[in-house]
Ligand SMILES: [Zn+2]
């Protein structure tokens, strides 16, 4: 209590954060009076480019860097705007600094000067534009001196493009380890609903908190990318792992116009820095394919998150592109100590890169390879120092199917070796965290671990509310495991539990499914079915119980369920009841044809309600682009829960890139001194003011 009271005092001293103040006032201007702030419009021609000067610089305007982190610089000149691609590029430290060429400042000569023509769709109505351009890279450069830097691109025709970068102050280390928990797509209403069905209420009060609820600091994070207001997991996971905004589908790169997905301007991740600079261990755990965007953001660099065979290769060999190789441990990529998740299909033929056997590659690099839960625990018990656990050909199965409807898994052929067996022995998220912590904590230099509950998002997309809530409760159980682990070792670890973006989910009441189903049986109108939905005082309480106190509902099919859903959806039918036979498919392609009358230049499949889903349910007509088969991500800020050294820095409303800086600063990765020095009251207050 004393700590909290004192923090209230230092909170009073908070001034407007400089970074926030910057956003509205310090966009660097070009000769035309426009900076790299995106132009207003539905699509941007080329995010990161200045539409007026025809110049592009990545990293973009307002980029922030931790001191000493590696990154690539990309500069482009688009001749459509300039008549020529001739240009110069300089960098200047502070307002009074002397501009120097990038070649002399970084001591490297640009590695490629590549004239090419690329095409892009200029706007939504579809005009295709051809553009002659020249682009150059400066690879693997770094800036160590904190301060503000201006990079200026000047063309032969006198067009000027400028960006301003900030190198943040060096901080001393206060945490031994960092664990970043990401419940993909999780929002506050989802947490409230999960708390309701797992903990229950008495007299309007929750009986018990979720584990996340017990973390001392809570903030909000804003998730947009530099290309659009709505992010995907690649873009937002890049922000968490590098501190840089990126574009949809891009993993730890700035998306330029290069045709090679693997050649775009790279940004070093926190895991790569932790291993390169501190010799720390690194782990990645996900219930998705391990090549999926959020886990891949721990170690991969590509413009295209769907490059899953290349992403698997990068796991073991780094980015081996000719003009931008990057490998923390020679020949072994990031050489992570823990890799756990699904995605087995990309480890073996025919989907793996060049049909290579990556299980064999991993074994050759010293990994204990486990393809089921039993083998995973055996590897840990056997003292493995590196564990590769791959438990499914694709995304791992959901908590609800693993624990309540296992027959759905037995009916599938998803064992991760392609043998066509069922993957019936998959670990849960708590199992994977348990083994990860035991393996990673052997490293005396500490570790960085990212743990993702991927299918909170995937089930929200599928409008499969019960599976979504089951995943969220399991995520919370894993957070609880880590909190207890941290407490037992004196809380030397910064633990963060957050999401990468949201879905427009909420609960508006309860549904009496007995009344609802009677209306369905009677072939009654949708209006009659809707009479089963109770709102305000008619909502009362749902029927979920937890007699065995395992934090999961005893039944997912009570008479009284939640009236729940999202604000964005394809056409679908809703009956507000658990899908017992497997993951929901709300919409299916309309028979046979493209929706080509909608826009001739953008032929596309369009979706209609799946007639086999929620038969007799209320018909929802859809409010998305007809090419969308599922719900989509939304704009909402996401919650950030934090505990441990450095956690107070996250107790605020912030950009999602702050999560990276909080983790980086807690580990003091820019400091020459790796000694762990616990927070004092004044250093905690400094963190509050420091943003
Ligand atoms: Zn998603």
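Here the Cβ of each residue, glycine as well, is placed from N, Cα and C on the backbone.
Bear in mind that TrEMBL entries carry predicted annotations, made automatically and left uncurated.
The Mg(2+) site recorded in TrEMBL comprises 292, 294, 452 together with one of 184, 550, 554, 568, namely 184. A distance of 11 Å separates the Cα atom of residue 294 (Mg(2+) binding site) from that of residue 457 (Zn(2+) binding site). Rounded to a whole number, the distance between the Cα atoms of residue 500 (Zn(2+) binding site) and residue 452 (Mg(2+) binding site) is 10 Å. Between residue 184 (Mg(2+) binding site) and residue 233 (active site, phosphoserine intermediate), the C-alpha separation comes to 8 Å. Here the CA atom of residue 292 (Mg(2+) binding site) lies 12 Å from the CA atom of residue 457 (Zn(2+) binding site).
Separating the Cα atoms of residue 500 (Zn(2+) binding site) and residue 233 (active site, phosphoserine intermediate) is a whole-number distance of 6 Å. Ranking the recorded positions 233, 461, 633 by Cα distance from residue 292 (Mg(2+) binding site) puts 233 first.
Among the binding-site residues 452, 457, 501, the ones whose Cβ sits under 6 Å from an atom of ligand 1 are, in sequence order, 457. Rounded to the nearest whole angstrom, the C-alpha distance between residue 633 (Zn(2+) binding site) and residue 233 (active site, phosphoserine intermediate) is 9. Cα separation, residue 233 (active site, phosphoserine intermediate) to residue 501 (Zn(2+) binding site), rounded: 7 Å.
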